[in-house]
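What follows is a set of notes on a single structure, which appears directly below.
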């Protein structure tokens, strides 16, 4: 393996370690013992849930190919997963608000375990059922756990600022460290120990079962709107009205869909971008490097969120603009450094430039997750939190399904250029969100000031 991979991984490791070790009192938030116990419990559960997800990632495509399915069959299986998330995600999100977020988290574990079990069958219909179950589970993973955390944090009376600490730590461990360890562990199970490509799915089911046991034994239930008189359709209408009537929520949903749509497209495209002529690249090592970059981003986010300035609405404009530039690199290198067209060999100079750019993009992803969680906790109403969060995922899933369906029809430069444009739009919308938030804050302050003046002028007016 070329020296560039080791240098990049080693350099990122050193920077992450330096950032974590150099945190001073200004970068750390003073918290209570009760909060630390609550936070650590959530981090353990969240890490187990993410391990159950990350263990499956490296071997899904490979397992399907081992069962003899071609690229078209596998593509339809992936589309079924995202389509399931789109169709059923909003329903399960609404049920989480109405029936309880703890129940929804347990449902995630059961659904994903069943999805893992289907991987033992080479039957296409059984695998399709597994993808549908996996799509439902994904919707719950990205809505129910966050909704439970925010509601439980507020119910226990913890400081609002402490929520950002849990978010950043969850991304640092769950989307960074756990992802790296899961990838390596899956490789050991499937290749080194010779258990085959289905073994990571069995391990994922075990981790999910452990996490479910912790949830059942230590989590309390919380709800959004649990009114018996409010039907599922009424919840949908309420969530839609909230999005339509509050510009901040609508902007937040658009920003999230644009960024996550570009992110998932990047997941499909980074391999052909780095090896357009079938260059020999270490996929697993590069994946671990990307996850390390994400850890770097979450470490930076934890510092940013620990301070009152700059505000999250402000610095995310810059993050989206940087993300747009990094995904524009494949387009630029294609024009400025055209490929020689020689098959095989080591990664090209253009590939090295793109690799550094992709690591920068992953660092932006690491900053994005805790930051968007922070903004969602501020702007999305509690009574319909899971429902609205899954509404946000509808355009995302449509976009990813379209990309998967046309992955062979459009040139890779066109797809990266499209993602870059989407991210620039997200930066512009983030600017608008900041203006709208400041305008709303000013109106509230003016109203409070006017109310205080009225009270002082008429002290008997109660």
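Heads up, residue numbers simply count up from 1 along the chain you see.
Using N, Cα and C of the backbone, Cβ positions are placed for all residues, glycine too.
Unlike curated entries, TrEMBL annotations are predicted automatically.
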Which one of 6-22, 23-39 shows up in TrEMBL as transmembrane segment? 6-22
Same-chain residues at least 6 beyond the ends of the transmembrane segment (6-22) whose Cβ lies under 8 Å from its Cβ atoms: 285, 288-289, 292-293, 295-296, 299-300, 303, 355-356, 359
Dominant neighbour of the transmembrane segment (390-406) in 74-96, 170-189, 318-341, 347-369, by Cβ pairs under 8 Å: 74-96
Of the listed stretches (43-62, 74-96, 170-189, 201-219, 412-429), which one yields the highest count of Cβ-Cβ distances below 8 Å with the transmembrane segment (285-306)? 170-189
To the transmembrane segment (201-219), which of 43-62, 74-96, 170-189, 347-369 is linked by the most Cβ pairs under 8 Å? 43-62
Per the 3+ Cβ pairs under 8 Å rule, pairs at least 6 apart in sequence, do the transmembrane segment (347-369) and the transmembrane segment (318-341) touch? yes
What stretch, picked from 43-62, 74-96, 170-189, 412-429, has the most CB pairs under 8 A with the transmembrane segment (318-341)? 412-429
Are there residues at least six beyond either end of the transmembrane segment (43-62) with Cβ under 8 Å to its Cβ atoms? List them, or say none. 74, 105, 108-109, 112, 116, 138, 141, 145, 166, 169-170, 173-175, 178-179, 181-183, 185-187, 190, 197-198, 200-201, 203-205, 207-208, 210-211, 214-215, 219, 284, 287
